[in-house]
Amino acid sequence: MSGSSLRRVAVFGATGSIGASALDVIARHPERLRASVLSAGSKVDALLALCVLHRPAHAVIADAALYPALRDGLRAAGLTTQAHAGDQALDALAASDACDTVVAAIVGAAGLSSTLAAAAAGKRLLLANKESLVLAGELLTRTAAAAGAEIIPIDSEHSAIFQCLRSCDASRGVRRVILTASGGPFRGRQRAQLAEVTPAQAVAHPKWSMGPKISVDSATLMNKGLEVIEAHHLFGLPGEQIDVLVHPQSLVHSLVEFVDGSTLAQLGLPDMRTTLAVGLAWPERVESGVGGLDLLQQGRLDFEAPDTEAFPCLRLAWDALRAGGTAPAILNAANEVAVSAFLQGKVGFLAIPALVEHTLTTLQRQNADTLNALLFADAEARRTTERALAHHSLHA
């Protein structure tokens with residue numbers, strides 16, 4: 001990107017933590033970045049406040065019932081921002097000339113349609129929505145390749161691998177990639193100690209500032225399992241070439257080991273603004289607001305193997321990747337339902353992997369060659385998991 005060209009950025013999921021980080025970086029570079037489209041699910045007041053601050057051309061509220069509040073709020077603020085509502089508006093704006101870059105930060109399967117629309121339109125796609133790759137990885141990467149869209153991952157682990165691989169023309173010389181995991185707030189606990197974990201404890205992540213769903217996924221290690229599946233799609237690697245190490249300091253974000261014996265790692269403070277700055281300016285580097293890494297002050301870097309007995313979600317994700325087809329979509333949908341039930345206090349922490357495993361073993365995998373097949377598998381997995389919630393034997 002030349003210094004004179006203005007990159008118009010759509011931030012989908014603008015009111016979430018990733019959206020806030022993206023807008024922070026964008027605001028630091030008004031000469032080269034502009035937030036042209038902002039979207040939110042139902043937080044209309046927060047979206048209006050962001051519109052006043054960033055003055056986008058378009059604002060979208062996913063909940064159509066809130067459209068009048070958005071429209072009237074924009075008018076009352078004296079803004080020329082055009083109001084839209086619903087998923088179809090998101091898809092249309094993702095594909096339109098209102099933006100050339102899309103930050104896909106809508107949590108869950110709800111973000112899939114607009115992500116695919118951006119890919120099909122050949123946009124630069126800053127992908128923070130894990131579920132798009134887990135649910136429809138083959139479809140998304142195929143769509144992006146056909147349209148010439150550029151997918152730049154935003155989560156720290158895949159951004160690290162992206163940066164290591166792009167630093168040299170050596171993608172075919174990769175022996176393995178190693179994703180690092182903080183281990184979450186319950187690292188070191190035995191399985192029996194996890195039964196009494198509360199939602200408040202699970203969302204208190206030791207290193208990263210994240211939303212509640214992804215915080216729980218980090219606590220169960222499902223987050224890392226989803227990232228294994230993501231890495232498979234993003235970098236074309238089989239599961240056997242993707243490893244996971246627990247690294248509690250969260251300073252080494254991932255490593256790439258090459259066939260010549262060398263290993264490249266990307267290090268930095270745990271702050272999403274770094275990876276967003278990489279995606280927004282690549283191949284250039286711009287200031288993100290994040291300080292440098294002081295290794296003397298940090299002191300030490302520790303690594304250990306993940307405990308898949310206490311945290312079986314990581315193993316379940318590898319199982320789903322090996323099974324292929326709709327299995328990852330089933331895994332993801334079951335997990336979304338289970339985590340939601342846990343956050344509402346309906347089930348215990350250990351019910352999350354139990355429910356996911358139940359659904360994964362109950363439903364047969366199918367081919368995943370169309371979006372309809374994937375959405376059907378997603379819906380079927382949600383129904384199966386909801387039914388299983390009634391059985392208290394799974395809730396232990």
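Glycine is no exception: its Cβ is also placed from the backbone N, Cα and C atoms.
Remember, predicted model here, so these are calculated numbers, not experimental data.
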Which of Glu31, Glu227, Glu240, Glu257 shares the Mn(2+) site with Asp155, Glu157 in Swiss-Prot? The record says Glu227
Going by the NADPH site in Swiss-Prot, where Thr15, Gly16, Ser17, Ile18, Asn129, Glu131, Gly211 are listed, which of the candidates Gly41, Gly122, Gly148, Gly225 is also part of it?
Gly41
Judged by the number of other CB atoms within 10 angstroms, which among Gly16, Gly41, Gly211 is the least packed of the binding-site residues?
Gly211
Cα proximity to Asp155 (Mn(2+) binding site), best match among binding-site residues Gly16, Ser17, Lys130, Glu131:
Lys130
Greatest Cα separation in angstrom, residues Thr15, Gly16, Ser17, Ile18, Gly41, Asn129, Glu131, Gly211 binding NADPH per the record, works out to 18
Among Thr15, Ser17, Asn129, Asn223, the one of these binding-site residues whose Cβ has the fewest neighbouring Cβ atoms within 10 Å:
Ser17
All chains considered, the count of other Cβ atoms within 10 Å of the Cβ of Asp155 (Mn(2+) binding site) is 23
Take the C-alpha atoms of Gly41 (NADPH binding site) and Glu227 (1-deoxy-D-xylulose 5-phosphate binding site) and report the distance between them in angstrom, rounded.
24
